[in-house]
Every structure is written in C-alpha cells, then in structure tokens.
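Undergrad: This is the feature table in TrEMBL:
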type	residues	note
TRANSMEM	A:41-65	transmembrane segment
BINDING	A:113, A:115, A:536, A:540	Mg(2+) binding site
DOMAIN	A:562-816	domain 'P-type ATPase C-terminal'
TRANSMEM	A:596-614	transmembrane segment
TRANSMEM	A:626-646	transmembrane segment
TRANSMEM	A:675-695	transmembrane segment
TRANSMEM	A:715-733	transmembrane segment
TRANSMEM	A:745-768	transmembrane segment
TRANSMEM	A:788-809	transmembrane segment
COMPBIAS	A:828-846	compositional bias 'Basic residues'
REGION	A:828-849	region 'Disordered'
REGION	A:869-893	region 'Disordered'
COMPBIAS	A:875-884	compositional bias 'Polar residues'
C-alpha cells in the first residue's frame, strides 16, 4: 500500500514536471513560479512530497485506533456473555487480552489438556458387578434400559446416618441386595471399605470427609460408605468400619502396596471374629491371573460386565479376597519383615513376597468408576470437529486412560477409518510407525510427484509452511510420551507434523509440560494456522503461553493457567461459543471493517489523484480543508464502528447449529490479498465515478439563473457531498444487522455533515475567521440546484448498483460454502420452529453410554493406572512396611 | 445451556453475583433489521433506478436541446490584437476588434453573455491560494503575510489592492453587442450587475469604509496588469465599484477546471429585446486587452439561454440515459440468470 502511494505520487510528480515545462512555463505571466523553484524537475520533486501529504490518507492512521476500539468492544461482549457464565462457581467468561478477538475466528488447531479440562477430575462410583450380577443400570418395567438423567429417581440412602448426601446411585436392586444381607454383596463392600489408603476426617459427629490420594479410591470408599459399610477411622494398626450400623474394628496386618508393575493393592486384616483375610483390588488383566481356578465361571460373567463397563468409558477394577491360614500368615509376615528390612534389592524381594501370597484369590466382582466429563464436552467436541477444527489432546495420563476418554468424549469413534498408535521406543521404530500411518492415510504421499514432497525438496533446511494435506478418511493418532520425545527430534519433526496433521484427532499421552509446549510450537512452526491451547492446571501454562491463543479453565486447579491465558471461563463447553460465536463474529466484523475502511479511504483519496490531471498536478485538493480533516474523524467513523460492533450475519444459534460457517475464517477468506485488491479496485472505481460525474456535470455549465456553479468551491462541495453519501450508502449495504444504533450513526453522520457544512459555510463563521472558512455561501448556492442533486444521485447509482449486482450474482452463480449454509438458514427460518438447537447440544453427561458401545475389547483392560495410591500416610504405614518410592505424580500431567 | 438461561436470572436477583447483566445490548441481542439481497429487492432496485434514470435523462436531454447557444472563439479572429498583446510593452495601446455573426433562430427568454477561457489554470493550487479574503472584506491587512506573493506589494512597499495572482490576472476585455437591424446598428442593452452570488456580493466582498472610495483605497496601488485602480472599475455605479464590482467578484470565484466560462453580461429585456435576442445579424465589439496566446489559451464569447437544469451541458442527460439503460439491461440479465438457475434447479429436483 505504501508502494501504491509512492507510485501515485511519482506519477503525479512526473506529470507535474511535464506540465510545468510545457504549460506552466508559459503560464508564468499570470502565475510565476515560486521563488525557490527554478526548473520543472525541481518543481516536480517538491510536488512529489506535496502529494505524499495529500494522498497519505490511503494509509489510514485512524485505522489503528478504530481497530483497538473494535477489539475492546468485542472483548467486552465476551465478558458480558451470560451463556458463558457458570453459575455454580459464579464465574463469568473473561477476555484477559483484547487484541486477539479476530484470531478466535480463525482457529485451526486446538490443544487441550484432559484432566480438569475435558473431565471434571471427579470420580463417581457408577456401576459394579458382584458375584456375576451387574448393578448400576436402570430398567423400566418392560426391561428396557433407560437413560439416566436428572429426573431419574435416586436411591434413598436415608437409612444410613453416615451416608454422603452427594452420592448418587440409581439402581435400587443393589440396596435391596445389601439390605437382604446378601453375603457376596456385603463382602464386596467390606472390601471396598477396608482395602484402600484413604484418610478419614470427622470434624463433627457423622460428618465424614475422606482425604484420598486418588479420586478413584475416594469414590470407592464413598460408595461403600453409602451402602452401609462406613469407613470411619484408622490407626496404624486398626481400621474402624461401621458395618450396617454396627461398629467393627479390624486389625490391619499388612498393606501390600500399589505400584505400577503390580497394578493392584491388597490389605491383610484380622476381623473382630478373628478371621484372617486378604483383600485385593487391581486391574483385571493382572488379577485374573491370580484367581483360584474355582472362579472360572464367575470370571467369565464378570469379564462380560467389565467389557460392557469399559465400553461405556468407565474405569474398572476387579476385587477379590482370600481367606488366610494363620500359620502360613505368621511365616509370611516374618519373611515379609525380613524382605522389607533387607539392605539390598529390597524392592525385588518385597514384590516376590507379595506375589507369593496374592494368589488363589476368590473373585468378588468388579467396580466401574466414571471419570466424569464436564457437561457438554462430547457435543462441544463434535461441534468443533464439524467446524473442521483439529483437536489434539495432550495429557499426562496413560495411553489407555487417554484413549478411553477419547472415546467417551467423542474424539475417537468407531466409524473412524483407523486409529494409529505410535508407541515405538526407538527413533527408527517411531519413524516407521509414522510412515506407515501416513502411507495408509495418503498412499501417494511418498511419491516424488506429491506436491508437498516437491515443496519440501525445494526449500530444504529452513522451516517452512506446509500446506494442508487431505487424508482419504477420518483417522486418529495416539502417540506416547517417549515416542513423542523421539518424534520431536530434528528430522522426525517433519514426519510427525505431516502425519499428525492429516489426522482428525491426535492424542498425546504421558507428555510433560515441556513437551506440550513443544508440540504446540511444532504446529505453529510448520502450519500457517492459528492455534489455541486450553487447560486448567499449572502444567498447561507453557502450552497456553506458546499457542497463539491460550484459554484457561478457571476451575479447581488454581489460577496459574488463568493468569497466563488470554481468555478464561469455567467450562470446556463454553469454548464452542467462544470460537463459533464470538470468534466468528469478531473475525467477520474485523474483516468487514477493514474492507470498508480501506474502501472509503481509497474512494476519498483517489479523487485527488484524478483531479491532479486537471489542475496542473499542483497538489490542489478537491475537497475543502475542513472536510479532509473531519472525514475520517467525524463523518465516517461512527457508522463503521457501529457496523463492526453490532454486525451479525447470522445469530448465535445458527452459527452453533452450522459450525461449517466457521471454515472461511480458518482459511482467512474474508480478508486476504485478493479481498484487499478487490476493495482497492472498488475504491478506485468509486473515486473515478466520484470525480468524473461532478466533473462532467459541472464542466462549462451554469446555474439555471445563469450564475456560476462550475467554480472550484462548488465543485469541492459537490464532490464531497457525493463522496459522503456514497460511502454512507455503501456501509448501509455492508451492514447486515441494522440496530437502532447503526441507524442512528448513519443518519446522524449524514445530518452532522450537512449541519457542519452549513455552519462553516455560513456568513457568521466567515466574518469571524475569514481565513479559515473561505467557502462562505457555497452550500446555500450550490445545494439548491437541481442538477447538483441529480449529479449526486447519479454518482450514488453508479457506485452502488454495480456492487449490488455483483454481490447478488456472485451468490447466485458461484456461491461459497458459507453462502450455501446461509441459504439453508434462510430456508430453515421460513419454516416456523427451528429445531431447538440448545437441547440438541446439551445432553446430560451420562448419555454417553450410548456411544461406542462395541469398540475394541483391548480397552476393556482399563486400569486404575498410576493414580491409585501410595501408602505413605503416617497411619497407614506400619513400621514394617517401607514406604514405596512412588514415582507417580498424583495427577496426570 | 437452556436450563442456565432460566436459572441464572433468579440467581442474579438473590445475590450480587458476577453474572453479567441480561441486557439486549450486552447479550448482543438488540432488535435489528436484517436486510438481505433477495431477487425481488435486487431486481426492483435495478428496474426502478433504471426507469428513474431514463426518465430524468430524457427530460434533461430535452431541456438541454431547447437551449440556444452561440459560441465564438475570438482569440484567433482578432489575430492582430493578439499579436499586439504578445508584447507586453504595448499594454497601454487600445486594440479594438469586431466580429460579425448571425443568429439563425431567435434566442428567447433570458440571454446570458459569457466569456470563456481555455487552458487557463485557475485551479492551480498556488493560484487558488493567491488572494487575501480579509483584504477583500475591506479590512486593513498586511498583505505581506498572505499568500499573495509575488503580487502582494510593489518594491517600494506599496501594497497592491487587491493583491494576489487571481486579482492581478483579472479578465479585462470589454465586449459590446450590436444588433444590425435593417442596416441600422442598435446596441443591445446589457446588465452588468446582479450577475454574482448574493453571498459574494453582500458577505464575502466589502469595500473599506471611508467617505469616498478613492480615499478608502489611499495608500494602495493597482495590480501591475490592471489598467486602472480598483476604485475606478465602475465609475457610474457606486454599488458596483471597488471590491464589490460584479466582474471582479465573478473573476475571484476561481473555476474548478482549466476551461471555464464566466458570466459577463445579461441581456436587458427591454424594447426590441423584451423576448430575448431576435434572429439576425449581430456584431461583437471587443476591446482586446487580455493576452492568451502566450500560454496557448483561447478566448470565447458565448451567448446562451438557460433552462431549469442550467446551461447547455448535455453530459448529465446522456449519463443518465446510459446509466438507466445499463441498469435495466443488468436487470434483465439478472432475471435471465435467475430464471435459468431456477429451471435447472426444478429440473434436478424432478429427476
């Protein structure tokens, strides 16, 4: 644009040089050259700078101010949005930066944390299988399973004084089983109340609070508590349990601690009756190996249930027990003591000892815990995916957990062509896996003729932007933490980006905070795309800071994420509103604003350019000085601000219902070079009309009373009136959402123009400040003439009609994707009730048992993983047990 | 989100929460009119505009055609005078030049006499600036502080009144019109006042206050190209003398383009000329003072009548006709495209 300005000035300067030597030289009789000017080239040189001053309005400086105002306004809209306010913890959405609004409308990649972002980090005891019977589902009278929602009747735990009121369970048969003193059921819950490392806290009588290392354990103990097996307290050697109202004190003899390899934990207790029992809970794959052969049939039934639970995205655990022989135990505990005090190889010895006793277990059943997703997460993800936003989940969780969450929140689904798992542990393996995945997605991407390959060849070394590649189906990619470490190394980077970006969904598990940032950085580096990172915890900070836009979930996990973020709100589901509604609007508004702003300045400035050819290239302006000053400041600033603060092409419901409308933003279709050139051409066209229509209309003509009208001042007034009306009509065309404010601004600006014009052209002003207001009387004498108004009308018609026709024909002949959607919306609006979109988008979270019913069996082996427990609490560790050096952080990174 | 909408307002009432207000403005739900480009609105726009433009165009063309106009280029016809004026030392020699012409038709109604100049860059920026509005208001100003240079003051410090390039270059030919009727020559009575804007005559230009005009301009000198000082511009009419001389005012209203015409005289509708100028032979008697050949300019004298739309400029009429035609044609094209697409659509639907 600066080049354009320089070019115009140069043309005019050359023109001036020629004119001065050709005509001006002869014209010196009447107008001698200025003293300092001695030759035409010198005059041309000076004129160049004069024109720089006059034409510099093509580079609108007021643009920056207006842009900031618009951004600020749109940020306030985000703060003010009630639909992004979370009433439960009184958190409105917050735009912490005001400069990124329009980028919200261009997001291509979302990087999301899992825990606390997709999930609530709340575990719920949801289902269980006891002795071959599955509990937890609710059936209606005809035996059909019904969906659990807010209206489903909860089980009444009022018989139990110590029950946790927040606990919700819907299957009444389980309570009945407990009440009927069903022995396996009692054993099941007894186990849950004994086999754990939870600490109780009872500040008031009956008001129990559990402090659990992992939320899973807390959920299990709470479940036992509600069903009548209340874990009430522990000392290092005892566990107090209120069993169906009856207080019992168990002696705690040993805790066989959890670790990553064992994937199980056991306790050995002596009941008040004197029985020795080992209670064990753990991952099904492990525990099934240790079962007593007599449980074979029960095992099969339980496996079925386990698969079903896993299919619903629940975390499962198997529980078993074993009655111990007194003598054997005494022997064992001795050896155990030796092992735990051994100086060398203590760990190995201990696990050997553990394994010895944990065998021939009797299967009791299985538990299923729901890792509760936040409300509306699957729907949000579905909507975002429809807007062709690619979602990458970066989590510290284990692969199985992560994939399971992926399935339950609709990231991965069974219709996907394939889900690749990258878990190689050497650089070569990872490379092979990535290549194979890519081969499958796009077989010809390895041919030399592939465009991307050619491009990579061409510009080797320096980082470049990769074009988007299209896979031949919908794919998912799961990559492991250590594989990722290899993949992020130099030469594999490219491979990773190409493969991963072809997939619709990427899940990275067991990644460190640093890796999260590296992944974001990688995509930023190779893809010309706007990235967004969303997370809630301190471990997401680096990722949030790296991405173009960081979003913090102001949830439970402290404020670090929020403080380093650009936008924050309380629930993941608000993301769709932030992007699809606010982001989209901001983007469209900003684009419209820029288009219009450039247009109006081109139309304004170029008239001077044309006039140069008729005024001896003397840098004579067309308009009155006052008009030039006030044009951007007063006459045209408010309407365009009004448009860019209020405009909506479709309202929020429709843009959520048709996420495809988001796609043009990602491709930046509304403001790019082509669009800019188009609005420049439109501006040039308008300026031609705006100059030559008044020129033609005034050339050698007179008023109807024979007096002058072709004078410079009348011409200036006419040209500026034409211009102002034309740009006002133009903004009227651009505005698709006319609020009262818009009307007020547009009509107001026009009337202010006429008011100011008549004021500064009035007698009084002239007599007070003669030098400043030389246009006295022009408005009165000119605007009373019919041919002036006819010329104004003609310029409007000529400027506006082509635009109208062009726009209409464009949507008619070559509709863009979003035009089609808009058309659909228009048709849908004609039909009276639009399908209530909010209902569709928001469903209770339990509904997701409907998804992914039958996905692979392998994921049935969902494990409690690294988050189970550590027997480190001072009470739990009897002196004999060395506290296990537990490496796992309590929560996934 | 649906249940939130119902629950949130209640909450806001019970306690001061951080929940945003539920105003239409803040929720971006202001009632609005959402115009869209539909086939009906687009077509009606085109056809209505087209029809309007055509009718306006026709009436403009008809009006412009009813204008009678005679234009005579006398810069060449009075070649001896123009040669004389090329040499500035002859400035004081009077040169008269007469041009005969014939009006084939009567010029009915008010007839206006213009002088036209071509290639005279009145819109040059430095020319436009070279004046002092304050001086022309009759105020006492230091002309050195204005843009009047180099026509601000003489070397000895006497300021020019009026100053500036515009005033200095004032058109100073005098043109008289004679009607040759039955071998007798009758001078056509011409009005030299009432030719300028009321605002210019009464607001923008004022003579300095004094008991008489020559005293008011004491201490100033005429611009170098003028033959007589400003207070002698019209010795017969006090109200047309000095700065408020109509010819001067008209000249000072600079033209927007290099080719322009300024009103010089109006035919006074008296006696024989009550209905305008009858057809016949006429003679312009021109006192040729204003040199144009130096800058390759041309001078015209024009007789013209006026209509409601002004002078004889056919541009607006033709432009309207073109615009109207184009609008209607585009309208038809859009209709055709629309119908074709519609047909194709229904065709596909049927299949």
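Residue numbers in this text run from 1 along the chain shown.
Using the three backbone atoms N, Cα and C, a Cβ is placed for every residue, glycine included.
Unlike curated entries, TrEMBL annotations are predicted automatically.
These numbers come from a predicted model, not from an experiment.
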Undergrad: Which sequence-distant residues neighbour the transmembrane segment (A:715-733)? Criterion: at least 6 residues beyond either end, Cβ under 8 Å.
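TA: Apart from its flanks, the transmembrane segment (A:715-733) reaches 596, 599-600, 603-604, 607, 621-624, 627, 631, 635-636, 639-640, 643, 686, 689-691, 693-695, 697-698, 746, 749-750, 753, 757, 761, 775, 778-779, 782-783, 788, 791-792, 795-796, 799-800, 803-804, 807.
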Undergrad: Could you give the residue numbers and ranges of same-chain residues that sit at least 6 residues beyond the transmembrane segment (A:596-614) on either side and whose C-beta is under 8 angstroms from one of its C-beta atoms?
TA: 8, 12, 15-16, 51, 54-55, 57-58, 60, 63, 66, 620-623, 631-632, 636, 640, 643, 676, 679-680, 682-684, 686-688, 690-692, 695, 719, 723, 726-727, 730-731, 734
Undergrad: Could you tell me whether the transmembrane segment (A:41-65) and the transmembrane segment (A:788-809) are in contact, taking contact to mean 3+ Cβ pairs under 8 Å with a sequence separation of 6 or more?
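TA: Contact between the transmembrane segment (A:41-65) and the transmembrane segment (A:788-809): absent, because fewer than 3 Cβ pairs are under 8 Å.
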Undergrad: Report, as numbers and ranges, every residue of the chain located at least six residues beyond the transmembrane segment (A:675-695) whose Cβ falls under 8 Å of a Cβ in that stretch; write 'none' if there are none.
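TA: For the transmembrane segment (A:675-695), the far contacts come to 4, 591, 595-596, 598-607, 609-611, 614, 622, 669, 715, 718-719, 722-723, 726, 730, 791, 794-795, 798-799, 802-803.
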Undergrad: Between 0 and 100, where does the mean pLDDT of the domain 'P-type ATPase C-terminal' (A:562-816) sit?
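TA: Its mean pLDDT is 89.
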Undergrad: Look up residue A:540 (Mg(2+) binding site) in the DSSP assignment and report helix, strand or coil.
TA: helix
Undergrad: Pick the one among the binding-site residues A:113, A:540 whose Cβ has the fewest other Cβ atoms within 10 Å in this structure.
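TA: Each of the binding-site residues A:113, A:540 was scored; lowest Cβ tally within 10 Å is A:113.
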Undergrad: Inside 10 Å of the Cβ of residue A:536 (Mg(2+) binding site), count up the other Cβ atoms and send me the figure.
TA: 30
Undergrad: With every protein chain in view, how many other Cβ atoms are within 10 Å of the Cβ of residue A:115 (Mg(2+) binding site)?
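TA: Looking across every protein chain shown, the total is 25.
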